[in-house]
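What TrEMBL records for 21-43, 55-78, 106-125, 155-176, 197-218 is transmembrane segment.
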Amino acid sequence: MAGLTSSTIGRKYAMALSAMFLLIFLVMHLSVNLLSVFGATAYNNASQFMGYNPLIQFVMQPVLMFAVIFHFVMGFVLEIKNQRARPIGYDKNNGSANSTWSSRNMIISGGVILAFIFLHMYDFWFHEMNYKYVNGLPIEESRFWGDLHSKFADLWRVVLYVVAFGLLGVHLAHGFQSSFQSVGARHPKYTPIIKAFGNWYSILIPLGFIFIAVFHYVTQ
Ligand code: HEM
């Protein structure tokens, strides 16, 4: 791990690996949460399984937490190093000529997603940890759907979430294909396919999350 994070290439590689892990997490997270749109029972069953399975709770959850924190810390480290290495006057160049807004502003979209994650943890995760591990309350399968549904009763929260999901899309639009580039997955035939897939991914995943938030708001 120390070897991976001690050089710029190693850091970019490690950053890309954590990004790929988070890309998979997002698909799983969206799939489970989409169940809440189809009915309380399916969502309650899935949440109870995820919430009380020891492998998910004590192996996958800590790995996920590590990946999230690592990704953000490493993102900021790489950004600071890039800024220091950048020749004076670089940012006055016409950046849009050879790069996208999304690629030049990963730190901004990433910062908004980080702020969203703090709100999101406060909304759902802390409540869950308190319920199970601090207060030691018994398993009550039917609570999950109601907890989620009631969170989206407030318009301000739905608006904040939707803005964050929009910026998640912007972040993914560059991040998806960039993570493949950083691990050296470049090929004249496959790179265009990865880019096209990444474009669809960065549209459909945020749209799925937006759909969930808006669905619960309008069905209060
Ligand atoms: C409408 C959209 C979303 C809903 C309804 C939702 C719902 C939830 C819920 C209910 C939990 C608590 C799970 C538990 O520990 O029992 C959770 C945790 C979490 N969510 Fe979300 N989420 C949404 C979008 C997102 C997005 C876009 C991200 C990432 C950018 C994200 C990242 C996380 C993380 C990192 C956790 C903590 C890990 C875990 O234990 O599951 N969520 N979410």
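Here the Cβ of each residue, glycine as well, is placed from N, Cα and C on the backbone.
Since the structure is predicted, the reported quantities are computational estimates derived from the model, not experimental observations.
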Among the ranges 21-43, 155-176, 197-218, the one whose Cβ pairs under 8 Å to the transmembrane segment (106-125) are most numerous: 155-176
Non-local residues, at least 6 beyond the ends, that sit with Cβ under 8 Å of the transmembrane segment (197-218): 23, 26-27, 30, 33-34, 36-37, 148-149, 151-153, 155, 158, 161-162, 165-166, 168-173, 175-177, 180
Sequence-remote partners of the transmembrane segment (21-43) [C-beta within less than 8 Å, at least six residues beyond its ends]: 50, 63-64, 67-68, 71, 142, 144-146, 148-149, 172, 176, 179, 201, 205, 208-209, 211-212, 215-216
